[in-house]
Amino acid sequence: MISNIVREFDRVAKENATRVVYDEMGQTHTYQDLLVDSNAFAAWLDQEKIVPEDGPIMFYGDHQFEMVAGFVGGLKAGHAYIPVEVGSALPRMQSIIDAANPRLVVAIDDFPVEKLNYDGAVINKYELEQIFAQRTSYEVTHEVTGDHPFYVLFTSGTTGSPKGVEISHDNICSFANWMLGDSFDIPAHQIYLGQVPFSFDVSHMYWLTGLLSGSTVQTLPLAVVQNLGQLFTTLPKLDITVFVGTPSFGDMALLSPQFNHEQMPNLKYFVFCGEELTTSTVKRLFKRFPDARVFNTYGPTEAAVAVTSMEITPAMASSHERLPIGYDKPGVTTTIWKDGQPVDEPNVHGEIIISGDSVAKGYMNNPEKTVKNFFKYNGVQSYRTGDEGFIDQDGIRHIIGRMDFQIKLHGFRVELDEVRNSLELSEYIKQAIAVPKYNKKHQVSHLIGYVIAQPNDFKDEKELTQAIRQSLAGKIMDYMMPTQFVYVDSFPKSANGKIAVKQMIAEANQ
């Protein structure tokens, strides 16, 4: 069992010094490279007197090796990391900076500091490479351990401001021991697919698990993932043995006829997280990879990546309408609550509450939201997920869906209110409501933007829509932009005068 992740990183790196740890489209880095570079960065942080009390370090980039070496180096010097994906909307980045107040930003990609209100230090990729080149030795003495923050991930907030989830060393250590244990039974020295952005906690399933097991990560940069032609050419050429990703990305990969056992004979394991895994996806997967092992996992960001799992068999995919999320990981108990109380009876629908060593302390510098969503149950740290589910007579967990207006869209957690707030940044929109459109698999396929427009001189709605999209460029994440706009004069109201959002959602999905 691992008790100190940072020291385990170093032990594994020394044991596998010549093995490739990271492969960026053919550009490889060994465990020795990771050891040397992370030590040099940790030494530089100490030398510059950037101390643990200064808080987390923000990293801005894609899937580069420098991001991972930076994470590990920062952890050695006592700093959590805040990963921010390249291309993030400026208002989101500003909110993260305001909430976290990082003393240092490590920008592996071009960081738009001139467009942000930030007066801390920024080092770019070239400067980081110069630090690595010093090859400074380092003795680990004040690494991140125990209940100190290991990483901070910012999720959607209902007011439009992202919430920073503080995951401690012990939270993620519990997750790592589970992933590396008998529940998944994935041997060491695998080749993991690195597609999920670092700003999405599911990424820990490949890079953290990979590094701790002496494995290799083969990455897919964002530009490749966003270009289907390039993706379909690149993916079958990877020599991966473990596919980690969202079901949405699995569906995307299955669009390519080349994504099959004949082209990728070493691909044996599929680990899905981030949204509902459907029977349709699993059936198609087993047709392409008949001998594969497929795992369905569940967990919110607030509970260190995932807390339940189940291996899905072909028989299960044929006999279930919706797939179960499985059994609790060690150290965690999920319970079903109804009317503010836990229920013991099987098959009763209610809110999923997670208790145990995976649950975060709360949200960074946000005590109001922390008190609302986190609490102690029988003296154990617990989290209200807002997910509706049930436990069947065999103790297997099932999820039904969100209890509020927070949705999963292509693996991203999205607050409908955040989309509304972002849309209303356009000068052409007076008022907006974002509504999810569900497909037959109970997944959100896209967003519809219902808009009360400002007075304008556009000749038709098509022109208005184009203008809205242009006006929001750089202000809203691409995946949050509605694919369809509906223009109305007013919104339906409930009896208490509030906009009847649930009614609008129901009507859009009739």
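Using the three backbone atoms N, Cα and C, a Cβ is placed for every residue, glycine included.
PRO300 (ATP binding site) carries neither a helix nor a strand DSSP state and counts as coil. A C-beta separation below 8 Å, combined with a sequence spacing of at least six in one chain, links PRO300 (ATP binding site) to ILE354, TYR383, THR385, ASP387, ARG413. Among the features that TrEMBL reports, ATP binding site is placed at THR155, SER156, ASN296, THR297, TYR298, GLY299, PRO300, THR301, ASP387, LYS498.
Annotation comment: TrEMBL describes ASP201, VAL305, LYS498 as D-alanine binding site. According to DSSP, VAL305 (D-alanine binding site) sits in a coil region rather than a helix or strand. The number of other Cβ atoms within 10 Å of the Cβ belonging to VAL305 (D-alanine binding site), over all protein chains shown, comes to 28.
What TrEMBL records for 10-363 is domain 'AMP-dependent synthetase/ligase'.
According to TrEMBL, the feature domain 'AMP-binding enzyme C-terminal' maps to 425-498. Within the model, the domain 'AMP-binding enzyme C-terminal' (425-498) shows a mean pLDDT value of 89, rounded to a whole number.
Under 8 Å, Cβ to Cβ, and six or more positions away along its own chain, TYR298 (ATP binding site) finds CYS273, ALA306, VAL307, THR308, SER309, ILE325, GLY326, ARG397, ILE399.
Looking only at the binding-site residues ASP201, ASP387, the densest Cβ neighbourhood within 10 Å occurs at ASP201. Sequence-distant contacts (6 or more apart, same chain, Cβ under 8 Å) of ASN296 (ATP binding site) comprise PHE272, LEU277, SER309, MET310, ILE312, LEU323, PRO324, ILE325, GLY326. Contacts of THR155 (ATP binding site) defined by a Cβ separation under 8 A and a same-chain sequence distance of 6+ are given as PRO162, LYS163, VAL165, THR301, ARG413, in order along the sequence.
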